[in-house]
C-alpha cells in the first residue's frame with residue numbers, strides 16, 4: 001500500500017488547488033482584463049474599516065522617529081554589515097528605487113504605495129539586496145506601527161540617510177498609504193526575461209531605439225538605465241541619450257538628471273565582489289526558510305566584503321559617507337580606463353590615481369581602491385548637454401547642493417499629488433510648479449441659493465446639455481489616481497495646453513468657456529462682501545445642472561451633488577510641458593481616439609477607468625449615460641442608441657442588447673460597426689468597439705443587462721449620478 005495519502009477533498013493523490021491550473025486568461029489571452037478595476041479590495045486590507053492614515057500620522061512623534069533613523073544608520077548588524085559602518089548609501093538607494101519606478105506617461109509607479117515590498121518590484125534585479133534594507137528598517141516600523149506607513153518610512157529613511165551624512169534636504173511630506181497586494185494595472189514591459197536586451201523577443205524598443213510608451217526604464221527589471229551602457233555597450237555618449245529619455249519620462253530635466261546622478265553617487269558604493277552565478281534566487285523565488293530574503297550569496301561570507309548586487313564594484317569618490325563635491329572632483333580630475341569588476345561587469349577606473357584619492361575598503365581597512373565610474377556616470381562628463389551642467393555644478397557647489405535637494409524632493413514626492421496631501425512638520429512652504437499649484441480659497445463661497453440661481457442661468461444660457469456635460473467631463477476626467485494629478489480644480493482646461501487638445505474640441509470649448517466666463521463675471525460683480533464663484537466650480541456646476549435637467553426629462557427629479565471650493569490656477573502656475581502628459585490618447589467615455597494604436601480601444605477604456613479609480617459598474621453606467629447625453633467628441637453618433645438624446649435614459653443598454661439588431665464591421669472605417677434590423681436590413685445604429693464591448697464581454701454584458709432591465713431606469717439614473725459626482729470630485733482632497 002502506498003504511503004502517499006489521498007487529498008481529503010478530492011479523494012485523489014495530491015491536493016488539487018488552483019496553483020498550476022489554466023486561468024481564463026490562459027485559455028483566452030485576449031479577453032478584456034477587468035481585474036485592474038477591482039484591485040486592493042477591503043477584504044485584502046488588514047486595517048480597520050475606519051482607519052484614517054492621515055489622522056493617525058498626526059499622532060506620530062516625528063522627531064523621535066528621525067532620531068531612531070539616524071541611529072540606525074550607524075548601527076551595523078553582523079547579518080548585513082554596513083559599508084564603512086554607515087548604512088546611508090543603502091537607504092538612499094532603497095528610497096531612490098522606491099520612487100524611481102514613477103513614469104509620467106500614465107503616472108503609475110513611484111513611492112506612493114510602498115509597492116517595493118511586493119512582486120515584481122521586490123525581486124527586480126536592480127533592487128538586489130534592498131530586501132535587507134527593509135529588514136533593517138523593520139524594528140523601527142514595528143515600534144511606530146500604523147503611525148508611519150512603509151511607503152512613507154522608506155522615503156523618510158532616505159532623507160535621514162542624506163542628513164546623517166551632512167546634506168541638507170529640501171523637506172519631507174508624508175501621506176503615502178500602503179497597499180497590501182501587488183498592483184495589476186502597471187505595464188512594466190512585454191519581455192519574458194530579466195534584463196533582456198533590445199535585440200531579444202518582445203523588446204520594448206522598435207526602430208531606431210524608440211522606447212515603448214509609457215515605459216521609462218531601458219530593460220526589464222531596471223529602475224533607470226543600464227549602468228554599463230545601452231545593452232551593456234560601454235559608450236558614454238550613447239548612454240547619455242538613454243539617460244535623457246529615461247529621466248525625461250520620469251519627469252526630470254537635464255539639470256535635475258545631473259544633480260540626481262551626481263548627488264546619489266556621492267554616497268556609498270556598488271557591489272560586485274564575486275561570481276554572480278553564486279548569488280541565489282530573488283525573494284519571490286527564494287526557499288521558504290529564507291523568510292522572504294533573496295539573493296543569498298555563496299561567495300565567501302556572502303556579505304560585506306563579499307557582497308554582490310549589481311555586479312559593479314567600488315565607490316565613486318573618497319569619503320563615501322560624507323556630502324561634498326568629490327564626485328565631480330573625480331569625474332573631471334582623471335582619465336578613465338575601461339575594466340571589469342570581479343563579477344565581470346564593465347566599469348571604469350581612474351588612471352594613475354593619486355594616493356590621497358584611494359578609497360579605504362568598506363570592510364577591510366588594510367585595503368584601498370581607486371575610484372570607479374560607470375558608463376552612465378561618464379555620460380555626465382562626455383554628453384554635450386550634461387557635460388557643461390556638470391562643470392557648472394563642479395565650480396559652484398552651492399548650486400549643486402540646491403539642485404540636488406530640489407531634485408531629490410521632486411523624485412520622492414512626484415507621485416504624492418498636490419501639496420494639500422502632504423503631511424508632517426517638514427513640508428516646504430515654497431510652491432513648486434511641478435506640484436500643479438492651485439490658489440487657496442480667499443473669498444466667501446457660493447451658498448445653496450447661489451447654486452440654484454447659477455444653475456438656472458446655466459440652463460438658460462443657450463448652451464446644450466451635450467456642451468455642458470462635455471466641458472465638465474473634459475475638465476474633471478484629466479485626473480489620474482496613479483499620481484493624483486489632473487482634475488477640475490484649477491480650471492486648467494481654459495489654459496494651454498488643455499484648451500487646444502483635440503479631445504477637448506477647442507472651438508466648442510472656447511464657445512462654452514466664453515459663456516461661462518460671462519455668467520461668472522456677472523455673478524461676481526453683483527456680490528457684496530467678496531463672494532465669488534470660480535470658473536472651475538462653474539464648469540462642474542454646468543455639467544451637474546445639465547445632468548439634472550436630463551434626468552428630469554427622463555421623469556426623475558434629482559439633485560446632483562455639488563460642493564463649491566475649487567479655485568482657478570494661472571498660466572504661470574501651469575507647466576505646459578508637464579501638463580501635456582495628461583492629454584488623453586483615447587477616452588472611451590467620449591468615444592474618442594487620437595489615432596489607431598496597437599492596443600484595442602476597449603483596453604484603453606479600461607485603462608482610463610482605472611486611472612479614474614472607477615469600478616466596472618461605474619465605468620459601465622458612465623459610458624451608457626454619456627452616450628445618451630451627447631458626450632461623444634465631435635458629435636459622433638456612434639453608440640448614441642436613443643431617439644431622445646439629451647435625456648438621461650437607459651436606452652444605450654436596452655438597444656445594445658436588442659436581439660433585433662445585427663452588427664457588422666463598417667466598410668469605410670476600421671473599428672466602427674453598423675447595426676441593422678435583423679429582419680429588414682435597415683440601418684439603425686453605428687458603434688465603436690468601446691460601445692460593442694458592453695455586449696460582447698461576458699462580464700460587461702452582465703452589467704449592461706442590469707441597466708437594460710425594465711425596472712432599471714431609476715437605478716440607472718441614481719448610479720450614473722453617483723459615478724458622475726465621484727469623477728467631478730476626484731481631485732477635491734480638501735473634502736477628504
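From the backbone N, Cα and C atoms, a Cβ is placed for every residue, glycine too.
Copied from Swiss-Prot, the annotated features are:
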REGION    1-21  region 'Disordered'
SITE      93  site 'Transition state stabilizer'
ACT_SITE  97  active site, proton acceptor
BINDING   265  heme b binding site
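Everything Swiss-Prot records as a feature, shown here on the structure.
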residue	record	Cβ neighbours (10 Å)
93	site 'Transition state stabilizer'	26
97	active site, proton acceptor	22
265	heme b binding site	25
Round to the nearest Å and give the CA-to-CA distance linking residue 265 (heme b binding site) with residue 93 (site 'Transition state stabilizer').
10
For residue 265 (heme b binding site), what is the secondary structure by DSSP, using just helix, strand and coil?
coil
Reduced DSSP state (H/G/I helix, E/B strand, rest coil) at residue 97 (active site, proton acceptor) is helix
